[in-house]
Amino acid sequence: MPVQGSQRRLLGSLNSTPTATPRLGLAANQTGARCLEVSIPDGLFLSLGLVSLVENVLVVVAIARNRNLHSPMYCFICCLALSDLLVSGSNMLDTAVILLLEAGALAARAAVVQQLDNVIDVITCSSMLSSLCFLGAIAVDRYISIFYALRYHSIVTLRRARRVVAAIWVASILFSTLFIAYCDHAAVLLCLVVFFLAMLVLMAVLYVHMLARACQHAQGIAQLHKRQRPAHQGVGLKGAATLTILLGIFFLCWGPFFLHLTLIVLCPQHPTCSCIFKNFNLFLTLIICNAIIDPLIYAFRSQELRRTLKKVLLCSW
């Protein structure tokens, strides 16, 4: 993912000498001030990436193997898993190449490394964009299933879902290529930030509206059966907790990365911003963690998918 020069480690690794860094400590910024820097060990980063990779591969395989899961909803979930898989895989590849170059185990010309860096950046950026898009698509799909339940199967058909999936992938690859080519322009970074905020607002509005409808439905059932108000309050609290977790994880995992991009535009030389820039690898790690959490939220809660996954694992043994 293109950011400022210090983060483009792949090309710089040709002439770099690895130095030991603490996992958590104080580092000096450009003005000599002390700032907090969290260093993520490469082993931990690769381990998290591997967990995400395996987890999302299992989701894709389970959905592909079970024809009962070939529905629009699971189509979006499968594509989300594929996007998260690419996010993890591309970052793992980037880190692995860096380590091999720094150790001298891989010899390559600067031009070759630059091309490889560009390819990895495009894959990473496009998979991030598609991951955000599919999170939004899942929210829209759930919204339609609740507010237009009787017309859902005529509105959200498998053909339309496939068209949406194709459009998301094509747009993600196209825009990520443009973003990488013009990564030095502030407008490009601001476009990415605005896109993230748009997805955040879209998901928040849709899920809050769905929560309000669920509370109204629970209240109607309670009145029909002459139940006490605490039952309705329990539904509201449970829904609010679920909504808080869902949006909270999304914001905490993705927010720091896009804050990083925003500060590159607003205050690239400010001492405080420089301290934040030092934690770029931490922000990437949070995105990898989101790729680990996504299957737990959107995929593994399905009993049908869990049964299919169990069969796949048993057959593999």
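Just so you know, glycine gets a Cβ as well, placed from its N, Cα and C.
For 1-37, 94-118, 184-191, 267-279, the entry in Swiss-Prot reads topological domain 'Extracellular', with the evidence type sequence analysis. The feature N-linked glycosylation site is assigned by Swiss-Prot to Asn29, with sequence analysis given as support. Per Swiss-Prot, transmembrane segment is recorded for 38-63, 73-93, 119-140, 164-183, 192-211, 241-266, 280-300. The feature topological domain 'Cytoplasmic' is assigned by Swiss-Prot to 64-72, 141-163, 212-240, 301-317. Feature annotation from Swiss-Prot assigns S-palmitoyl cysteine to Cys315.
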Counting only residues at least 6 beyond its ends, the same-chain positions whose CB falls under 8 A of a CB in the transmembrane segment (192-211) are 129, 132-133, 135-136, 139-140, 142-143, 146-147, 179, 236, 239-240, 243, 246-247, 250-251, 254, 258, 261-262
List, by number or range, the same-chain residues at least 6 past the transmembrane segment (280-300) whose CB is under 8 A from its CB atoms? 1, 3, 7, 38-40, 44-45, 48-49, 51-52, 55-56, 58-59, 62, 77, 80-81, 84-85, 87-88, 91, 128, 131, 135, 138, 246, 249-250, 252-254, 256-257, 260, 306, 309
Checking distant contacts: for the topological domain 'Cytoplasmic' (301-317), what same-chain residues at least six beyond its ends satisfy Cβ-Cβ under 8 A? 58-59, 61-63, 65-66, 68-69, 74
Residues from the same chain, set at least six apart from the ends of the topological domain 'Cytoplasmic' (64-72), whose C-beta lies under 8 A from its own: 78, 141, 156-158, 160-161, 302, 304-305, 308, 311-312
Cβ neighbours of Cys315 (S-palmitoyl cysteine) where a neighbour is any other Cβ within 10 Å: 8
Taking DSSP H, G, I as helix and E, B as strand, the topological domain 'Cytoplasmic' (141-163) contains 20 helix, 0 strand, 3 coil
